[in-house]
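Copied from Swiss-Prot, the annotated features are:
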MOD_RES   SER181  phosphoserine
MOD_RES   SER229  phosphoserine
MOD_RES   SER233  phosphoserine
MOD_RES   SER237  phosphoserine
MOD_RES   SER421  phosphoserine
MOD_RES   SER423  phosphoserine
REGION    94-140  region 'Disordered'
REGION    167-206  region 'Disordered'
REPEAT    302-335  repeat 'TPR 1'
REPEAT    336-369  repeat 'TPR 2'
REPEAT    371-403  repeat 'TPR 3'
REPEAT    450-483  repeat 'TPR 4'
REPEAT    485-517  repeat 'TPR 5'
REPEAT    519-551  repeat 'TPR 6'
Amino acid sequence: MYQGHMQGKGSRAADKAVAMVMKEIPREESAEEKPLLTMTSQLVNEQQESRPLLSPSIDDFLCETKSEAIAKPVTSNTAVLTTGLDLLDLSEPVSQTQTKAKKSESSSKSSSLKKKADGSDLISADAEQRAQALRGPETSSLDLDIQTQLEKWDDVKFHGDRTSKGHLMAERKSCSSRAGSKELLWSSEHRSQPELSTGKSALNSESASELELVAPAQARLTKEHRWGSALLSRNHSLEEEFERAKAAVESDTEFWDKMQAEWEEMARRNWISENQEAQNQVTVSASEKGYYFHTENPFKDWPGAFEEGLKRLKEGDLPVTILFMEAAILQDPGNAEAWQFLGITQAENENEQAAIVALQRCLELQPNNLKALMALAVSYTNTSHQQDACEALKNWIKQNPKYKYLVKNKKGSPGLTRRMSKSPVDSSVLEGVKDLYLEAAHQNGDMIDPDLQTGLGVLFHLSGEFNRAIDAFNAALTVRPEDYSLWNRLGATLANGDRSEEAVEAYTRALEIQPGFIRSRYNLGISCINLGAYREAVSNFLTALSLQRKSRNQQQVPHPAISGNIWAALRIALSLMDQPELFQAANLGDLDVLLRAFNLDP
């Protein structure tokens, strides 16, 4: 039934981790196989893989590129692959037409210069080279191994020393247009005076051509600025989306922190404030001490409410038993036995606070009530009130006719008196009470007192000696094998001793004897969580809540007597199952939705 126990403890920490689901983005290439589109696809994918899936997919970028039929400018988010790559010529064929027009215009100007320069071959070559220099800014080179300007100048000088003037002109034509300014200087040094005057007119024509190129360059800069603004806007929106996702993850982390705090609070189960003055005041009423009666109890005028309550307790109907006991107390506030059974039933119904108040009131009315003293010691232990638990167990010895002489004999011992008079909780106080119980057990010899063994088991539980506590409870069970409360205490000790598998067996035995034992059902769910059987844990918690509600509905009780820590444990189990929609139902207290989800009868 609890097949998940092998990985239980190891999986609890892993279940609390916040996982982010990532999705691989498919890479697509342009159908036209343009270099620009291919490069843009690669760059966007590289950028996409560097952060979570929070930005638009690569398809969005490709669609925009195809629709605009232009290339995206190189921005800070885009890597430059080569220094000689001009993206504009790859996507705008219009610029080639403009270049040809400017080339023809420059050629016509060059021909006019030839007529004015007496047909000199050198001037013709120089004018043609200047026309190439004008076309240089509008032309891109895909060559990655371009010579530097200084190397080209050295090449020109080297060939000039060894070859004729005609060979010099041919070599200069093979150089890149990027050396235009230096070539103009070289021409001016080797020309005659008429050639220089002709060169001035050529420079004037070059200035005019540059002015004609300013407008297209500014238009291109404006378009690039617009593209850059669009990309910056996109990046800004992506940053906002990332911040929203980050906030969602942080809220998810807060959820797990809240679950951890709730788990620790449930483990402490320390909801009772220590009020020593209220404990010593016998004349204080029950309502003033914190017990809250059901305001609309349908049995408040029921004749023989106490006897009817005992009958319902044997049947295992704990919520209705509580109502009958409250009715009996309202009819007779001094009925100590009714307070006793009310406290014991509240503890079995997983309401420790009300149990402690009722048992305290019982002992105020009847200080020698041994059952109330033992039940109060167990409730104090469950709420981590060790000093109060030790005092209750000591009072059990003092009020017991069989063992009270042990306390009188120990009064002559200064060491015991000093240890028992200390108010702070320390090991000496616990050891002093434990010595009393061990001596009482030794006095009994082979005879086993189940109540004494129960008290000894509680003391060993308080000191963390779980194996010895288990032995004490097992000894008590040899005398009372049908005592479901003893089976439950044995299961709790086994669970605290890291023996959850055996604890499940003890709880199961307690529920076989008393199916309506809600505390044992709750403890069984906690052991299932420790074993990693989260679904079984949820089933047990829902069964306990359903039992509480069923009794309330049958008797038409308007105010539910449902334990809050059962709901807290249920939320923890649902969170470990990774069921957010069911966890939300638990937060809303929607028991019907949860029962249907786990196929349980309402």
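Note: Cβ is positioned from N, Cα and C throughout, glycine not excepted.
Per-residue pLDDT, averaged across the repeat 'TPR 6' (519-551), gives 93. Helix, strand and coil content of the repeat 'TPR 2' (336-369), in residues and according to DSSP, is 27 helix, 0 strand, 7 coil.
Residue counts for the repeat 'TPR 5' (485-517) under DSSP (helix as H, G, I; strand as E, B; rest coil) come to 26 helix, 0 strand, 7 coil.
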